[in-house]
Amino acid sequence: MAELYYDNQADLNRLKNKPIAIIGFGSQGHAHARNLADSGLDVRVGLYPGSKSWAKVEAAGLKVMTVAEAAREAQIVMILTPDIGQADLYREHIAPAMEPGKTLMFAHGFNIRFGQIIPPQGIDVSMVAPKAPGHRVREVFVQGGGVPALIAVEQDATGGAFEDALAYAKGLGCTRAGVLRTTFAEETETDLFGEQVVLCGGVSALVKAAFETLVEAGYQPEVAYFECMHELKLIVDLFYQGGLNYMRYSVSDTAEWGDYTAGPKIITDQTRAAMRQILADIQSGAFAEDWIDENHNGRPRFNAYRQADINHPIEQIGRELRRMMPFVNPREVKPGEGGA
């Protein structure tokens, strides 16, 4: 059974005299810094000199300094920058300040799990990973609630790594909802698997393949877009609220019957075998090695994949149709822009 922890099991006083450095001020960094500060903790934000976020930190009323300065001042250093780049950032600016007894924290285990960051033996290494985007972590906290989180300890040099991580989670508001204890390996491997097989890779490929099937059969691309992409949100929202059962309760009996009869034809034994191979590649480190090499080589395949999907007909049709629907709050990514 999962180990769950709540507010009454976490002691925020453990962190009252432990300065905290939040490295990065993106989605998660913004939420962590502001929530912890509002919880009465001593927070500073570490950024590169000249960072566009510098003024945002100052506007939020928080202390801001370089990454190296923040790491030197802090007892707890939470790295909240993108996975790729963390290792160099750590080696150049954080590692020199990681004296025995300090704590290095993460919100995702990629660089620890795959050996890109190897902390010294004398420090604690832990993880607090809220299961929501940063804006929601902040929004729910301000409303008096919290989002669930995962918590893990990779290295416990002081004997109090878990208790400090739990206190940190309380500072974020996460123990109001409940935090689940895991390991760096479990969090990293399941996170990558979910992204690749369902949330990003699986859903994107399914939507495109279904759209292409309808268009090739002579149906209007606009109708195919509505059926294969636009309406997906309606179903995902039902999943989010009440799981598969609530979705089936909410749709028509015809849709539910099609769910039962057609679904197994899409997810076949071959599909499940592919899922197992994807998981094996994650567990072995093959995926991480490929992704790290891709970045070292300038991302040629990554950029080609991205451009191909930008040019896919479903994207062209989608841009046109979303202009008809201002209520969906249409967002378009400019050329050259990308996520973390």
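Every residue gets a Cβ built from N, Cα and C, even glycine.
Feature annotations, courtesy of Swiss-Prot:
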ACT_SITE  HIS108  active site
BINDING   PHE25, GLY26, SER27, GLN28, SER51, SER53, ASP83, ILE84, GLY85, GLN86, GLY134  NADP(+) binding site
BINDING   ASP191, GLU227, GLU231  Mg(2+) 2 binding site
BINDING   ASP191, GLU195  Mg(2+) 1 binding site
BINDING   SER252  substrate binding site
DOMAIN    2-182  domain 'KARI N-terminal Rossmann'
DOMAIN    183-328  domain 'KARI C-terminal knotted'
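Here the features listed in Swiss-Prot are painted onto the structure.
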| residue | record | contacts (Cβ under 8 Å, 6+ apart) |
| --- | --- | --- |
| PHE25 | NADP(+) binding site | ALA33, VAL45, LEU47, SER51, SER53, LYS56, VAL57 |
| SER27 | NADP(+) binding site | PRO133, GLY134, HIS135 |
| GLY85 | NADP(+) binding site | none |
| HIS108 | active site | ASP83, MET127, ALA129, GLU187, THR188, ASP191 |
| GLU195 | Mg(2+) 1 binding site | GLY201 |
| GLU227 | Mg(2+) 2 binding site | ALA210, LEU214 |
| SER252 | substrate binding site | none |
Summary of DSSP states over the domain 'KARI C-terminal knotted' (183-328), given as helix, strand and coil counts: 126 helix, 0 strand, 20 coil
Maximum Cα-Cα separation in Å among residues PHE25, GLY26, SER27, GLN28, SER51, SER53, ASP83, ILE84, GLY85, GLN86, GLY134, which the record lists as binding NADP(+): 20
Arithmetic mean of per-residue pLDDT over the domain 'KARI C-terminal knotted' (183-328): 97
Collapsed DSSP category at HIS108 (active site): coil
Assigned conformation of ASP83 (NADP(+) binding site) - DSSP reduced to three states: coil
Other CB atoms, at most 10 A from the CB of ASP191 (Mg(2+) 2 binding site): 18
Local Cβ density at GLU231 (Mg(2+) 2 binding site) - other Cβ atoms counted within 10 Å: 11
Sparsest-packed of the listed binding-site residues (SER51, ASP83, GLY134) - C-beta count within 10 angstroms: SER51
